[in-house]
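Taken from TrEMBL as is:
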TRANSMEM  12-30  transmembrane segment
TRANSMEM  42-65  transmembrane segment
TRANSMEM  77-94  transmembrane segment
TRANSMEM  106-126  transmembrane segment
TRANSMEM  146-168  transmembrane segment
Amino acid sequence: MQPIVDKTNNNSISALVILFIIIGVAARLLPHAPNFTPITAIALFSGTILTKRYAFAVLMIVMIVTDMFLGFHDTMLFTYGSFGLIMLWGRFVIKGRISVPTVLGSALVTSIIFYIVTNFGVWAQGFLYPPTLSGLIQSYVMAIPFFKNTLMSNVVYSGIFFGSYAFVQQLRTRILSASTTS
């Protein structure tokens, strides 16, 4: 698949960046099931498809704008950090190898990354759980119900984003092929 970022399609890049910002902001601000948003999938897809600059910009704009409404919190560093790791996963693990098994496996792995990093952050703050190994384990156990939604949303939205990308790339190839043979 051709990358979406090249010198010939700046309009496509701009449209995709704006679309992800709108989807991300709306998904975080509109009512939704706990942890059922496309943010993790946006981080994964952006890290795979966009340049580092655009991927980082999309994520930071979505998170900072929505956190201004939802409220900033003590575990933001861990939340934002987990999304940074997820973008890196897309950039270095998926890049150039987009397939159904790779995307599904990456959706699972990046959901686990988010779960481990953010719940470690909750524990490390020391407000909800004692600063002991049993407190850390309790933090992870108490977060299991939220992990289900994180995983489901990441699989669904990653499927939508990567599937749509594959469809558009195939359509683009057919149109270019038809125009060169005409």
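Glycine too: its Cβ is placed from the backbone N, Cα and C atoms.
Automated prediction, rather than curation, is the source of TrEMBL annotations.
Within the same chain, residues 39-40, 43-49, 52, 55-56, 59-60, 63, 102-103, 106, 109-110, 113-114, 117-118, 120-122, 124 sit at least 6 positions outside the transmembrane segment (77-94) and bring their C-beta atoms closer than 8 Å to a C-beta of that stretch. Beyond the transmembrane segment (12-30), the same-chain residues lying 6 or more positions past its ends with a Cβ under 8 Å from any Cβ of the stretch are 4-5, 37-39, 42, 45-46, 49-50, 54, 57-59, 61-62, 65-66, 69-70. Within the chain carrying the transmembrane segment (146-168), a Cβ under 8 angstroms from the stretch's Cβ atoms is held by residues 1, 4, 33-38, 40-42, 44-45, 48-49, 98, 103-104, 106-108, 110-111, 114-115, all 6 or more beyond its ends.
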